[in-house]
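K.L.:
The active site, for sulfotransferase activity annotation in TrEMBL covers K93. Marked as 3'-phosphoadenylyl sulfate binding site by TrEMBL: K93, G94, G95, T96, R97, R174, S182, K299, G300, R301, T302, H303. Here TrEMBL flags C282-C294 as disulfide bond. The domain 'Sulfotransferase' feature in TrEMBL is assigned to 85-319.
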Amino acid sequence: MTNRGYEGRRCPPSKNAGGKKLLGRLDNCASLEVRSALDESAAPRGYSDLHDISKAPASSGSHLADMKLRNMSVAQKYGNKKLPNALIVGVKKGGTRAVLEFIRIHPDVRALGTEPHFFDRNYDRGLDWYRGLMPRTLDSQITLEKTPSYFVTREAPRRICSMSHETKLIVVVRNPVTRAISDYTQTLSKKPDIPTFEELAFKNKSEGLVDSSWNAIRIGMYILHLENWLQYFRLSQMHFVSGERLITDPAGEMGRVQDFLGLKRIITDKHFYFNRTKGFPCLKKPESSSQPRCLGKSKGRTHVQIEQEVIEQLQEFYRPFNIKFFETVGQDFKWD
């Protein structure tokens, strides 16, 4: 059966999700131009699967490492390739790579290391192709993948729901102003001749007219993207991770992720140390490993310096979107 037929039969939009009403209540703070920007099909590129080695103190995590290795060995021998039970769907430059690397040390999680981009770029390859990318898992294990561009891809919720309307979704969010600056910094490192952040962020800086069609700005309008997901998934199927708390309290955030996935809280504060050079947590090395695990060199790079006036203008732009997002998900991320 083709994907098109499969998704049409399994997952019509929910009439009770309230998506249209949610957008209607945003009329006072979002222009038609902003909403039309969401229909653009541009999807941000994902993170690479690079790791970097740092020096860190040893830990007593050998038991967890042994459990993980034992489960991996058994899964590779007796397990099957299954479609994922859970997805990290966003957002770019929010901390998705950290969540993936932290959760995949759990012995009951098998995760794909690279970003398959199935539900945005490779959907025509079919579910069998997608399943073939997944690691072998036991029935007791969760299969997980992450592609942060899914959250802002218009077709992704419908397609994922067609695969399984019970899929669990993890969304890592971050102050949208900081996220946009981080996004620009990453792009600048690859394309040093691009216009300045201010030129791209504003249609008219003196009037404070923000260009909401620019991807780096558009991604941070979380509530408008969430409205699309709520047409196909219950809010209880979505878990929102704070990118800021992931840095200051990784064990706490990962504890809640484990709860959401129905896993025993095995990953705790004893598995982390704070890398002052990078400015975020890394995993302590287990006795079975010769090295700790930190994210790649592209993570933790110094952001481009942006004028305070520009930051304040963007904070004002995002404020109504943030407030409605906080109200909808029932969580205050305290970005102001």
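Using the three backbone atoms N, Cα and C, a Cβ is placed for every residue, glycine included.
Provide an account of the burial state, proximal residues and distances for the features listed.
P.N.:
Just so you know, the Cβ of K93 (active site, for sulfotransferase activity) picks up 26 other Cβ atoms within 10 Å once every protein chain is counted.
Counting every protein chain shown, the number of other Cβ atoms lying within 10 Å of the Cβ of C294 (disulfide bond) is 24.
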K.L.:
What recorded positions among K93, C282, C294 are found with a C-alpha within 10 angstroms of that of S182 (3'-phosphoadenylyl sulfate binding site)?
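P.N.:
Checking each Cα against S182 (3'-phosphoadenylyl sulfate binding site), the hits are K93.
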K.L.:
What's the CA to CA span in angstrom from C294 (disulfide bond) over to K93 (active site, for sulfotransferase activity)?
P.N.:
16
K.L.:
Using a 10 Å radius around its CB, how many other CB atoms surround R97 (3'-phosphoadenylyl sulfate binding site)?
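P.N.:
Taking every protein chain into account, the count is 25.
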